[in-house]
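Student: Features from TrEMBL:
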type	residues	note
DOMAIN	24-138	domain 'Transthyretin/hydroxyisourate hydrolase'
BINDING	HIS32, ARG72, TYR136	substrate binding site
Amino acid sequence: MSEFRLQQLKSHIVSERRITTMSGSPSPLTTHVLNTALGVPGSNMTIRLYQQDRSANVWHLLTAGTTNSDGRCPGLITQQQFVPAVYKLHFETGQYWASLGQNSFYPYVEIVFTITDPDQTYHVPLLVSRFSFSTYRGS
């Protein structure tokens, strides 16, 4: 296995707690995009985080960003903003695959989840190929 690939794998194993927001405090919500077709991080993918207003049945955009070279998008939300609610992570997968010169079955992926205890740390990764995706709740 090449040294470059070993470094990539090591960076995926290191704790998410090192990811911090602009204020320097750890973000309680992190994500990580992995391109499982090529075995590399999903870099330069646009991500948006929304919070649901259940009374009006609408989504409010909280933040938007782009994954870095490691497939991560640090600083999604501050601890003060992170309250019990329903959230949605929106990943622009179609644009990502188009930037690689490929088409995709999924123009975007949305992961909707409920936070009941905002004092916990949540990691919501996206494992994606052109024709499939998977996610899970990490910590």
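Just so it is clear, glycine is given a Cβ too, placed from its N, Cα and C backbone atoms.
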Student: Taking HIS32, ARG72, TYR136 as the record's substrate-binding set, what's the max Cα pairwise distance in Å, rounded to a whole number?
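Tutor: Pairwise Cα check on HIS32, ARG72, TYR136 gives a maximum of 15 Å.
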Student: Across all the protein chains here, work out how many other Cβ atoms are within 10 Å of the Cβ of TYR136 (substrate binding site).
Tutor: 10
Student: Would you count the other CB atoms within 10 A of the CB of ARG72 (substrate binding site), including those on all shown protein chains?
Tutor: 23
